[in-house]
Structure formats: structure tokens, C-alpha cells
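Have a look at the structure that comes next, please.
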């Protein structure tokens, strides 16, 4: 393009560019350019204002987050330009923000008074000091700054906003740890913005690269020529065109948004091409008109553009040469434009690609470095974690070992503690705190603290301060304790029933404290809500099934209530009486006893009992129990191997709650019920107090309740009291009274409980005794004739010591006697009536054959001819026969003479649970009425045949006696006292007022 024609074409191109730029920037030009220019001018002004406001809001919000409130003032979220300038005018906000981003950048910030109004000017020194320090800090960081005058009215607030946003960008880059150079002066936009690269498929990649790169350079204030190093063949343009063209381009593009620059460049290029096409077409038209002979030359010159006049004038000679010249010039212009455009695109693409690759390489290096650092860090952390885990594992192992040892020791301590409790016979006391009722949850509770065995309650103080008092029991359960947890702690106590022990568990507390819930459960039974009654019987059934190969158990239940001092059977709804001396330890024998074999049977019986129980609604409890309920479980077990019989009894008592009449608001029958309840509970308190003080007299009979619990509280059972308290603050008085009573109960020592166990041999011997008693009753009638024929001299002679001596051996076991065979033969004593001895003294000298015949007759009559016979005589027992022989042609043996007397050790018979004195009586007895005055003794009359045998009042094996074979041994000793021998009737004989002996009924 060194020819004059090429230079002129370039000049024309520059002119078109200048016209296009001026048309876009100033609104000049005609046609479509003017319309587009005006529309874009209006739109640009609006966009610029909106962008400035958005950037100002962003700067203000960032300052609000970083600095906060300064001098009691705060920047608005969306400040105007004036508000923004006034807020930053004193420089305090700017200095504080800079110190937040880069600590220590401004060593001293001059603070303004807190009461200064907005916009109030500081002194010149303060103003200059803060702003100068801020600008110096920005310069040290390499950030763009502004002039101090920009903070004054009429200053350029845009530069202040750009400065704040650049500081924000620096802060963000510092937080994320970016090391790449950043560009400041507005919102931080990465050089490879994804927004520019996400284009439509129809837009070439080259245009995208050009637009992105051009937008960044123009935002940084760098000219297109300086950035690209290209001149677009502008060397010729600079020689022929003024510098205002370049300034115009820079001015127009510097105020545009990055996204608007590509469209502006496209519009400029399209106008240049359009202008070239238009001028080329005009030139062709001019040439055609010039070749037309009819046209005037002046007209042709007028229509020809000025740039082509010289060409047309110089080519008047040869029209083909002119046409060739114009065509070649058009091609050269088009080629120059295309070549320059391609070179620009290629250069931009190459430079952008190189820059992109450099950045990517740098990023890759940074990533590799970071990856290596992270790997080494992870290895170090992994090693450290491994060491820490090893240490932690060893520590956990040590703790688990210590914890297992602690739990083991704790369990051993608990077992030892329970053993001590069993030996001492203390009443176990458990405490349970009821949770707040639904809908009555209170923010405050009277319970201040709960531990395993200690409860602390808040007590009202006289000085207005809450005092605390602690109580210690065997176990304390909080409001969150479940029914299963409560039962698990008392389960060993309940299971001891199967071992033959008596157990008593009773719930105590004020009304509405949860006693019935603990013992029976909620109104609607669920598996989780089953109370102690159901769980205890279910546990007994399970153990019964487990021991079915070794033990045979029979379980039966009673259910009674004490209502207004009347004992009622809940299973029959009848009134019954309490008999503490009844058989087999049953306190209420008249109550219905129902055998049970499964939990369903128990549930049916409990439902029936609860249905018949007296329950009423009061102001304190909608389901208040108006009576004391007692579920008694009787267990009788038999060892299949040793035939040992075990008997156990368990009382599960749900006491009615104590209540205050003013709170329960009861009247009429309810008031009477409350009075009886409080009276019986007071009697229980008196019994506990007497037991705690170890008084000789304990007032059990003051109430039906204490009379029912006499066996349990008197030392014959393992006893547990379950106290219940309510957590409401208004019930603190009743709670403290309940806890004090429970604390006193815990000090009571009842002694070790005894197991109700009897061996198989003892049971058989008792059965034999019962049979002997029955036979004795039948033979009592036959002794009447023998007693009437006895003479009084025989009685006198027997009392004076002429009777054969008798011997007593020490008692080794109650009911178990043995006869020794080493020594002098011993005569067995028999009970003889005084008339029998007096009438016939020759009976002392009967022969051995007569004795054997009489003995055989006795065996036949008593129906005990088997090996179980009570009398077994050895070969050397001839003297015994002489002692028992009667002098009669047909001797008759009295049954009373074949049974041991109370003075003899041959046979002893127990008749009641309190008959130890009956089994072995003193050797002294009242004298016969006839012996005092020397007259003949009065003949005794025997008991009629129809007399019944004595009832057995107790089945306690320790209280029973059974006959065993006894051998003869030892030296003779007289069984006389004061020279007079005693004469008693049968074991159960009782002297009548007339001197006769009759069987005890």
C-alpha cells in the first residue's frame, strides 16, 4: 500500500472511522446513524447512572460489614451520592476499613466526637490526617487512590467508589489466598470471565477473545494500540489525520461497559465496510456517466466524489485505464481492510492464547505446589491421627477395664449391702418422684437434686431464702424412671418368695403421688406401664417354668382391701376378718384364694379387684384410692429330689394416700373415708416409731392395717417401703413429712427373716402324728373302764417311788428323739391313771409273754403294724413289759398308756405354732387331790368317744415334733419330786376341775 492510491484509500478509511465514532458519540451523522446514536445515548446515560448507584451500594454495604457503627452513626444500606460522600468525609470509616483489611496500615485514626452531626466538618488537621493516612496506605498496597477533593461537594465520587471496591477486592483476594495479580477499580472480574466465554454456538471463539481482552484493557485505561502493539497501518493515518481521532475513540470506549464494547466495535466495522461499498458504488456510477456521451461533463463532475475528481481528470484520455484503476483501488481497499482485520484477530488470538496458557501454567504450578503441600500435610495429619488413635485406644481400654472393675465392685458392694440388710433385717426404703402431670408442667420443682441414693428438696425458709435438705435411702428414682427400671431393682427381693421367705412391699405417700401407678400401672394397661403386681407374678411364673424339673410350685393369690376399718375380699366383695394365728401363715383365711398359672389369670383377677375397690375423684386426684389394697401371693413349693416343702407369702400393699381435707375438699362419705385413712396411717406411724425405739410393746392392734402387716413388720419377712412424693412446689409440706417418715422407717431393724422350710422326713413324721392323734381320739373311750378299776394304793405306791425309774434324755431336735442301747435297760413310762395303779399292784410283776401278747393286741388295734410303727422293742426289754403288764384275765391296753406323756421324752406332739411349751413341760405338776389328805383319789372319767382330736394351729416345721424310735440306756433316776410321782394324761391331756383328765379340743 505504498502507492498514492493506497494512501488515499487509507485516508478515506480514517475519515469514515472518525465520522462513525463522532456519529455514535456525539449524535452527529445522518440517517440510521443519528437514530441509533440518540437511542444509545439515552440508554447509556441511564445505564451509567444505574451502574454507579449499584457500585455505590456495594461499597457502602461492604463498609457496613467491615467497620460497623462509627461514632454512633452507620452508613445507609442504599445511600445517595451525597450521603455516601458525607459518611466518608472525615476519613474515619476509610481508615478503619483499611486497618481491618491490612492491620497496622493506619497507625493512628483521629476519632470524631460522638455527638457531631452528619456532614459536620472536622478541623483541617484532622481531615487531612485521616485522608492522608488512608491514601498513603492504599499507595503502599498498590491500590488505586483518589484526590482529597473528591470527598468535597462537586468531587468525583466515582473514583471514591472505585477505590473502596478495589479495597474490597484486595480483601477478598487476601482471604482466599490468591497470588495472581488482581485488577482493581470496581467489581472484581476475572480476566477469563465465564460470562464472555459462554456464548451462542453461532458466535466465533475469536470474537469472544477479542471482546473479553478489549473490555479489560479499556477498563484499565490502556489504548488499543498500546495493548496490541499494532498500528492498523495507522502510520499513514497519523500523518494525514489529526490526533483527535484517537482521543475520540478512547473517550468513547472508556465510558462504556465491558459488555457494550464488542457491539460498538461491530457497529463501527460494519459502518466502515458500508461506507467503502457506498463510495465504490458511487465511483462506478461516475465512471459510467463519464463514458455516456449524452451526459454533461459538469454533471459528471458534480456527481463524482471529491476523492475521485483528480482521477477522473487525469484519465480523460483512456476510459479503460480509469476503470481498471478504480477497480484495482477497490480491491486494494478491501484487501487492506481484510488483511488488517485478519492480522488484528490473529495477533489478538495469539496473544490471548499465550496469556491464557501462561496463566494456566502458573495455575497448574500453583495447584501442584498446593497438592504437594496438602499431601505432605495429610500424611502428617494421618500419622498424627494414628498416634492419637493408638493413645486414645489405650486410654479407652484402661477406662473400660477400670469401669468394668468399678461395676463389678459396685455389684459386689450391692450384694454385700443386701446381705447386711437381710442379716440386720432393716426395712428397705425406696423413693420415687412422680413427674409433672400433663398440662400442669411447672417451671420450678421442689426437688433440687437426685442421685442414686440421695434426694435433695427445697424447703421454705423463714428468711425468704430457699434452704435445701437431703435424705438418703436405699434407692432413689427420678421422674424419668420407667416401670421396668423400678421393678429390676426390687426383683431379687421378690424372687426370695420362691425360697420360702415372706416378703412385704407397700407403697406410701400422699394422695396423687403415684402409688397406684407404681403398684398396678396406669388406667389403660400397656406392656411398658405394667406395675409391680403384674411384673412380680410374671417373674414368678417365669422362674416356675425354669425350675419345673427340680421344683413343683403352686401359686395362688388373695386380694383384699381395708375400707373404713373393714376388711373386704375384693374377689368376692364380702367382709372378712383378720386372724394372725391361722393355719399356714394365712392372715385372712376366710378370703378367697385363687390359684393362678399365667399372667392373663392375674390380669383378670386384678381387673376384678380394681373394679370392686373403692375409688373416687377428689380435688387433688381424679382417681383417688379410698382404701388400702393388698394383693397377697401364696407360694408353696416342693423339691422333687429331697421332698422339702417351701412356703412363702408376699404382700403387695397399695396404701391409700394421706390427704388434707382443706386441699382435697371432701365432704360426707369422702370425709369419713379420709379420716379413717389418716387414722390408719397414723397407727402405722406409731408402730414404726415403737419398732425404731425397740419398745417392748408395739401397738399392732390399733388398726386393721397394722394388724394385717404385723407378720411383715414383726420380723418374719423381708420388708420394703416405696415412698412417693410429688414435685409440685405447693406440695412441699407433704413431701417433707413423707420423707421424714421414710427416713425413720429406714432405721427399723426387724432381724433376719427365716425361711419357711420343712424336710420330707419331718413332713412324714407330722403326718404320722396326725394319724396317731386320730387313733388316740378313737381309743379314748376304751380307757374309761380301766381307769375306774384302778386302786388308790397303787397310786400312792407309785408316788412314793415304788414305780420303776424313768429316764429323760436331752432333746437334740424338736420332735426328734433317740434311745441309746449302751447301759442298763430302761423301762418306758406310760401314762397310768391313779385308779389303775391302786386297784392292781400285781401288774408290776407280769411275765414277758403276757407283755408280748398285749403289745401285739395294741399294734392290731392301732393299725400300725408296719415298719412305721412307733414302738419297736428290743430283746432286753423284759422289764418294760413287767411295767406295762396288767393283772387281769383279759388285759385291756389303754391307748393313753401307749402314748408318751408331757413328762416323758418317748413321744412329743405339737399342736400349734406357739406350742413349744406344750411339747416339753416342767417336771412339776399339781398334786392329785386325794393325796393331800391321805384319802383315796377320785376316779377320773375318760373323755367321751366322740371327742375330736386337737387342731394343728401352725405348720411351721421348726415348731413341730415327731416321734422316733428310742433306745434304752443310762442309769436309773427317779422321776419324782418331793417324794411324789407325777401322773399326767395323754400329750394333749388337760386336768379338769374335778380331777379328771380330758383330751384338749
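Here, residue 1 is simply the first one shown, and the rest follow in order.
Backbone N, Cα and C atoms are what each Cβ position is placed from, and that goes for glycine too.
Small disclaimer: the values here were computed from a predicted structure and weren't measured.
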Ranges 284-322, 323-361, 362-400: which does Swiss-Prot label region 'Disordered'?
284-322
Looking at the ranges 777-803, 804-830, 831-857, which is given as region 'Disordered' in Swiss-Prot?
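Of 777-803, 804-830, 831-857, Swiss-Prot gives region 'Disordered' for 804-830.
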Based on DSSP, name the secondary structure state of residue 510 (ATP binding site): helix, strand or coil.
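Assignment for residue 510 (ATP binding site) reads strand.
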By the DSSP assignment reduced to helix, strand and coil, which category contains residue 515 (ATP binding site)?
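Looking at the DSSP assignment, residue 515 (ATP binding site) belongs to a helix.
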Restricting to the domain 'Kinesin motor' (426-748), what is the model's mean pLDDT?
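Taking every residue in the domain 'Kinesin motor' (426-748) and averaging pLDDT yields 85.
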Judged by the number of other CB atoms within 10 angstroms, which among 509, 512, 514 is the least packed of the binding-site residues?
514
Within 10 Å of the Cβ of residue 516 (ATP binding site), how many other Cβ atoms can you find? Include all protein chains, please.
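Here the count is 26.
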Looking at Cβ-Cβ distances, which residues of the chain lie under 8 angstroms from residue 515 (ATP binding site) while being 6 or more apart from it?
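Sequence-distant Cβ neighbours: 507, 508, 509, 625, 654, 655, 657, 722, 724.
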For the binding-site residues 510, 513, which one has the sparsest Cβ surroundings, going by other Cβ atoms within 10 Å?
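Looking at the binding-site residues 510, 513, the Cβ with the fewest others within 10 Å is that of 510.
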